[in-house]
Amino acid sequence: MSLTIPAITQDQNKKKSSSSKSTSYYGRLDKPNIGKVTFGQYEFEPWYGNPAYFHPYEGVPNMLGYEYVNMKSRDPIARKRLKSYSAEDCFVDHLYVCEYCFKYTANENEMLEHWEVCSFHRENPNIGTSVYYDRKKNHIIREVKGYEDPLFCQNLCLFGKLFLDDKSVYFNIDHFNFYVFYAKDKGETDYIPMGFFSKEMIAYDPSTNLACICVFPPFQRRHIGAMLIEFSYAIASLTQESSGPEIPLSPYGKVSYLSYWAKNLAKELTQRRLKKFTFEELSRATGYRKEDILFTLEHMEVLEVDSNGEVSFSSERFQHWMITTNFDANKQHPLLDTGSFNL
């Protein structure tokens, strides 16, 4: 097989959209500042620090983040404060987070009291709008607009930051939509949120279909990330031919996307059995941006360069990739049910 390699690259380390710039005034931590987190029936350690939960120097210790921001917004001079501090300065031994609305506290009794009266504590989620409902698999995706439900979205972002190293937009969420994945956990009757992705409504790059993606630790390895990625492309396909996530990807996002792209590109190449193809053809067939396709093929190591510097697709390397990854095109199926969409 051969293909034309256009002058496109995907620099995962340098290219950034405007939304990736820090818009908070909380500083940055180089390690977790919370000992452990209780989220529903699960208890686990966060991956990264988040100084926005509780400020170490001022305010009421358990003051919610949005309350603190509102307090500071009324006093512009107060914004000019220290932005750098150590994790020890704002260490929380145990954080309790509501698995329905993401409100939080460092007091277990307060969380138990809140849990009994939480307006989101119900069998079926009612936040936002239902955009996907698979009744057979008990999967729901709700679209929540940042400007309509700011407190829910702010607390969702705060929680997600514990597992994302490169995102710091906690409260300026008016121009973002959030797509929250719900499912019933083992033995439970209520739907609970297990992950989400956000999408900027007016993105710097119009081809961007996703700003950040996060699957909470207890619910990983359930293909939720791949389902959310698939859904992001389904939304984007309504208005444009090709799209992709905001660059650079987080370490978790890069692993998830490369796995997703590689499997779907391999299926496309296997089923088409074309002797020649172009990036444009693959882009139209999959909805992926050409630079993402190139990035994935390089990752799969299925491209080769001849003595003249010409780059081509290697059928032999592709066969090797399929063998080493145990890839079977016949087992690759859409993760989402097309009849369950409500877009």
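From the backbone N, Cα and C atoms, a Cβ is placed for every residue, glycine too.
TrEMBL annotations: computationally assigned, not manually curated.
Here TrEMBL flags Glu246 as active site, proton donor/acceptor. Around Glu246 (active site, proton donor/acceptor), taking its Cβ as the centre, 28 other Cβ atoms fall within 10 Å, counting all chains.
Residues or ranges marked as compositional bias 'Polar residues' in TrEMBL: 1-11.
Annotation source TrEMBL lists domain 'MYST-type HAT' at 29-323.
Look at TrEMBL and you will find 1-24 tagged as region 'Disordered'.
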Is Glu246 (active site, proton donor/acceptor) helix, strand or coil when read with DSSP?
-> coil
Average pLDDT across the domain 'MYST-type HAT' (29-323), rounded to a whole number | 87
